[in-house]
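Report on one structure; see the data block that follows.
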Amino acid sequence: MRRLDRVERAVVAVTAIALVVRLVGLGARPFHWDEARVGYWTLRSLETGAYEYRPVAGGPFLYVVGRRLFALGLTGDAAARLPVALIGGLLPLAALLFRRVRDRASRSGLSDTETVALALLLALAPPLLYYSRVLRGDLPLAAFSLVAVGFAWRARRRERRRALYAGAAAFGLALATSGFAPAVVGCWLVAGLLTIDEGRVRGADPTAIRARVRAGLDAVADRSVALLRAVVVTVAVAIAFYLPRGRVDLAEPASLLAALEAGTTGAGRRFLAVRVLGRHAPPTYTNDHALLPFVAGTTDVLLAAALPVVGLAVWGFFRARYAGRSRPLVNFAAYWAGAGLLLFPMATEVNQPWVAVHVLAPATVPAAVGLGALWNAARESLADDRAARLAAALLLLSAAGVHTGAVVAGEVYDAPEAGDALPGYAQPGSEFRAPVAAIERAVTDGEGIDVLYVGADLAVADESALDRPPVPESARDAFSARLPLAWYVERTGAETASVDAPSAVGESPPSVVVTTPEHRRAVGDRLSGYERYEVEQGLTNRRLVVFVAS
């Protein structure tokens, strides 16, 4: 068995650190509204025995994995976030995929120093760290996309088919994580075209450029069988997640065909109908929006939470571009990040901080070049006794470390506040835990209703309408108003009901009653022996009042 070399050991050590910082206090922060939706619908799918992909709820990856965890009784916040945390924690290992091949004359790829720098950036960049601790598909999509490119790069440089198939599997996983996956493909196309066109911009001989393009096409033709197998791997992995659960009856072969249709062409049609035509086609233009405010919002998050990475990426890109030799990998990643700054704000429906993850992940590659150059400058200055240059390099390295540490301490681990760049307005504060603990104690396994929602803002005509997405329009506002509390209620196994007004609360109310502040007094007058809790549902002024029998 081959022993790990110095660089590999360093990357493994960084990965261990990445896992620790993601797992420590993983369940301390309450669920965001979006996390609560995923958790709630996953639990309901276990209760009903069926799950089917719905574009409005995001990709199927988190639901399919979550069903496995929840079926084992692992329904805590930390357990639900564990798959995303593991993906983010192991992501620094992807740096080794981009490492320069040492036995080749070509200097393409990342040097040893740059490889370790990339692992550090993937481990500690605050947005990547934060969203590794959130039950959303953004980090898995960014991670699997970067891994897919890394394996493709490795397959091209080392001519290994196993790397090609591994990259295809990673791409299949990426397709299952999020509705943003087509935007990643769009970024790759833009980045590929710009990378190919770079020779023309540099003034290279057009004949030589055409020869390289033809050589690339010939290489694709020579590997056509392997590429077709890779396509099969991608499709198979994606279908494995998109197939409905609980719909196949082996005694009815037609049900298998229906499930295959729903997990393939049916899923594609639903995606186009909801995420493309439903947003941008007349006459509705649902969730269509101006582009520049969303680009500005993503840029603000990047500058506030990841300024050192952005600065290093810009410097690394221009340093590689004008160093006198072409570095296609670095340029491709930089173009990918630049395209993402436009395409992801275009694809998203809300201007939220998680969009920055899709820009930052590829930007870590040119940032690694910048960080590696800064480290080499400090080391060479120390060897050459150049005090001024050494001081400048150490000052920049220290500034990057201090900024990163401050953001990690203030936003990743500290209680969320309204002015934070990363959480988003739908993130409750830590005081949410007290009423949740009281609800868990109060809900029993007895018959009847355990939790009653009171008020027109929380009431729905039929609780089963919330079992799966999309929620009917008549119940949509009420369901949103319950989040994220609905997740915590659901994981206790509580039976829920709702009424429009406090006057409908019966003489024997259930052990938990939830209402809005406007009905606080009216509901409280009808309850005796209940403890009252004020629940902040997010960082904005949206509250619920929870009465729990003492």
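In case you wondered, yes, glycine gets a Cβ from its N, Cα and C as well.
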Give the range, chosen from 230-249, 390-409, that TrEMBL lists as transmembrane segment.
390-409
Would you mind telling me which of 9-28, 329-348 TrEMBL tags as transmembrane segment?
329-348
Any residues 6+ beyond the ends of the transmembrane segment (290-317) with a Cβ under 8 Å from its own?
121, 125-127, 130, 330-331, 334, 337, 341-342, 344-346, 348, 351-353, 355-356, 359-360, 363-364, 366-374, 399-400, 403-404, 407, 411, 421-422
Grab the same-chain neighbours of the transmembrane segment (390-409) for me: Cβ-Cβ under 8 Å, and only residues 6 or more beyond its ends, written as numbers and ranges.
21, 124-126, 129, 304-308, 311-312, 371, 374-375, 377-378, 381-382, 421-422
